[in-house]
Amino acid sequence: MYNLRNRSFLNLLDFTSKDIRYLLDLSIDLKKSKYAGIEVQKLKGKNMAIIFEKDSTRTRCAFEIAAYDQGANITYLGSRGNQIGVKESMMDTARVLGRMYDAIGFRGFSQQTVECLANYSNVPVYNGLTDTAHPTQILADLMPIEEHKGSLKGVKIVFCGDGRGNVANSLLKGCAIMGLDFRIFAPKELFPDSNLTLKAKSLALDSGGKITITDSKEEAVKCADVVYTDVWVSMGENNWEDRINLLRFYQVNKEIMDMAKDSAIFMHCLPAFHDLNTVVGKDIFDKYGINGIEVTEEIFESKNSVVFDIAENRVHTIKAIVVATLG
């Protein structure tokens, strides 16, 4: 049996294509079992803490439902109501929680923080998001690509927008490892780190994949199987004017989707600013006249959109990670 027991899930570069393939297959099996009502609980008696410096809907719910479905107990530690970083360092917190819990999930700012948790807790630690990486999201992205396209190898996927964000960075790694034809369509100012790009291209040579970083719409989008985008301003940032000026021509709209294949699917990790039904969306419209920021309402609500498949798959993929490393 494939063994990932006691491994932390911090960075996709820590894992091989076989590791990721195993986790995807387990995710699919767990999803089928849940729908069939025959899921076997493998985490009875286990206790997990999740530390969230950044608020979340999908990530928190996915961790909690994954734990409940598998019979584990879970404790949520938010940005308020604890002493982490105020009266107690993360190093000391890690050593305390490691004595109490069997695993720890983290969603926050610094990659160094989640690595500190893993180094000092001596239990598996799962990265639910940092400023530079979002590895659990990428498993949830790869799963619907395979569900809708039949396989991963050679699938052409283009990411439109901020090429240096945590989702773009992690997609770059995951697609390179798993052999996809991955393109980033972004302004040169927001190209990913050159060292990361070189690493991804090296991995793609081994996997049969391909990496393209470009500000050419035609080069990036033509004949794409998957079109992906993310918000233009990350949590904790507030530079909307600069981003809109830089990225307004990288919005996913009908023109972009018409350049992709007719069968292309649209993906977004959520939350998405696609209408005027949020405070941010309305504020941006009032200031800049943009209805829909990184994606238009037309594309978000189209038959090609699989955004809610991705959201659901967060449960199954996080569950697979926890079961594989703790069960």
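A Cβ is built for glycine as well, from the same backbone N, Cα and C atoms used for every other residue.
According to Swiss-Prot, the features are:
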BINDING   Ser56, Thr57, Arg58, Thr59, Gln83, Arg107, His134, Pro135, Thr136, Gln137, Cys269, Leu270, Arg314  carbamoyl phosphate binding site
BINDING   Asn166, Asp230, Ser234, Met235  L-ornithine binding site
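Projection of Swiss-Prot feature records onto the structure.
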residue: Ser56; record: carbamoyl phosphate binding site; Cβ contacts under 8 Å, 6 or more apart: Arg107, Gly128, Leu129
residue: Arg58; record: carbamoyl phosphate binding site; Cβ contacts under 8 Å, 6 or more apart: Leu270, Ala311, Arg314
residue: Gln83; record: carbamoyl phosphate binding site; Cβ contacts under 8 Å, 6 or more apart: Thr93
residue: His134; record: carbamoyl phosphate binding site; Cβ contacts under 8 Å, 6 or more apart: Asn127, Gly128, Asn166, Val167, Asn169, Ser170, Cys269
residue: Thr136; record: carbamoyl phosphate binding site; Cβ contacts under 8 Å, 6 or more apart: Phe9, Thr59, Tyr126, Asn127, Gly128, Leu129, Arg314, Thr317, Ile318, Ile321
residue: Asp230; record: L-ornithine binding site; Cβ contacts under 8 Å, 6 or more apart: Phe159, Gly161, Asp162, Gly165, Val167, Ala168, His268, Cys269, Glu294
residue: Ser234; record: L-ornithine binding site; Cβ contacts under 8 Å, 6 or more apart: Asp131, Asp162, Gly165, Asn166
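Among the residues Ser56, Thr57, Arg58, Thr59, Gln83, Arg107, His134, Pro135, Thr136, Gln137, Cys269, Leu270, Arg314 said to bind carbamoyl phosphate, no two Cα atoms are farther apart than 31 Å. The secondary structure of Arg58 (carbamoyl phosphate binding site), as reduced to three states from DSSP, is helical. DSSP assigns Thr136 (carbamoyl phosphate binding site) to a helix. The 10 Å shell around the Cβ of Asn166 (L-ornithine binding site) contains 22 further Cβ atoms across the protein chains shown.
A simple way to gauge crowding: the CB of Arg314 (carbamoyl phosphate binding site) has 25 other CB atoms within 10 angstroms, across all the protein chains here.
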